[in-house]
């Protein structure tokens with residue numbers, strides 16, 4: 001009687017909460033739905049905490065995520081230590097086997113929307129460990145201060161300071177790294193920071209040792225247009241919805257919600273910055289297969305006041321796609337991973353187009369059945385496939 005009805009109601013509500021329609025080509029769809037339910041629960045708890053006024057949204061997400069952190073434990077193959085590079089906390093992974101030659105170096109930057117995450121998260125620790133062991137590479141996995149306590153450009157500056165420290169001759173010698181074989185890599189917001197610091201490094205006369213490669217894994221690269229085909233198609237897709245991505249972007253610059261509201265409406269860029277739109281105009285930068293009948297809408301200009309208060313969203317250090325062609329020409333060998341079911345897909349695809357137009361050698365790996373964060377979910381077949389291709393590129397190019 002009543003128990004059956006209650007069970008039925010709970011079952012229906014549970015299915016409604018967990019279930020989201022997914023495309024046919026997604027491998028292991030139920031696994032993705034469970035991960036998404038976990039993410040939904042995290043964000044709903046954070047929204048509830050914010051509603052109660054007990055804590056702000058991002059700090060709650062950060063706190064709940066921190067339970068996935070692991071200590072810096074060495075194993076039979078890799079020595080793991082924590083130290084600081086120029087006052088920035090980093091984890092260093094050094095293979096234990098003897099090497100007759102200098103090793104390659106990889107500087108890794110974690111994702112998490114500039115607001116959450118750390119090198120200590122189990123997924124990042126495992127990735128760094130596997131990279132060091134399988135490729136015989138010294139991996140430096142950096143931390144950086146996070147929003148909402150710290151806004152742009154603090155995240156960029158922390159990462160840049162740590163990278164510059166790693167690229168010092170004496171530091172590379174200490175870790176047995178070949179100065180001609182160092183790459184930078186990052187996923188999501190970490191991919192954003194990797195592209196940004198790689199751009200800055202080219203212009204920096206103080207840095208004598210330059211990067212050999214940059215590898216960007218589903219990176220966030222522009223703040224100008226939140227109405228790209230990938231944002232339209234994947235607005236409600238699991239892991240990273242459009243509204244959550246906009247929240248992360250806006251939080252990078254300020255906790256003032258008026259920027260978030262303007263970005264959601266795609267009405268945040270002032271008319272005096274209209275010249276920047278040519279760098280993110282998807283109608284000319286996306287290959288046909290990514291346009292799929294979408295019509296380009298000329299952006300509606302926003303308030304000059306917002307841009308005056310929070311100029312970061314128009315800064316090339318926050319949005320690497322805003323670099324002009326001359327800046328892009330000096331780039332190292334580049335690898336870009338994009339995923340079909342990801343709001344950030346078109347950021348990466350447009351960057352590939354612009355780098356190639358500037359004469360940079362780029363390998364673009366587009367995952368037709370991929371979704372945002374695939375590499376971080378170690379149990380997924382898609383994640384293993386992405387990792388395998390990423391490792392192959394690093395092995396051949398760093």
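Each position is counted from 1, following the chain as shown.
Cβ coordinates come from backbone N, Cα and C, glycine included.
Per Swiss-Prot, these features apply:
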{"type": "ACT_SITE", "residues": "188", "note": "active site"}
{"type": "ACT_SITE", "residues": "342", "note": "active site"}
{"type": "ACT_SITE", "residues": "372", "note": "active site"}
{"type": "DISULFID", "residues": "115-339", "note": "disulfide bond"}
{"type": "CARBOHYD", "residues": "77", "note": "N-linked glycosylation site"}
{"type": "CARBOHYD", "residues": "281", "note": "N-linked glycosylation site"}
{"type": "TRANSMEM", "residues": "5-22", "note": "transmembrane segment"}
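Here the features listed in Swiss-Prot are placed on the structure.
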residue: 77; record: N-linked glycosylation site; contacts (Cβ under 8 Å, 6+ apart): 95, 96, 97, 129, 132, 133
residue: 115; record: disulfide bond; contacts (Cβ under 8 Å, 6+ apart): 58, 61, 62, 146, 147, 148, 248, 251, 252
residue: 188; record: active site; contacts (Cβ under 8 Å, 6+ apart): 111, 112, 113, 217, 218, 219, 220, 344, 372, 373
residue: 281; record: N-linked glycosylation site; contacts (Cβ under 8 Å, 6+ apart): 296
residue: 339; record: disulfide bond; contacts (Cβ under 8 Å, 6+ apart): 218, 345, 366, 367, 370, 371, 372, 374
residue: 342; record: active site; contacts (Cβ under 8 Å, 6+ apart): 218, 230, 234, 237, 240, 370, 371, 372
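DSSP assigns residue 339 (disulfide bond) to a strand in the three-state reduction. Every protein chain shown contributes to the tally, and the Cβ of residue 372 (active site) ends up with 26 other Cβ atoms within 10 Å.
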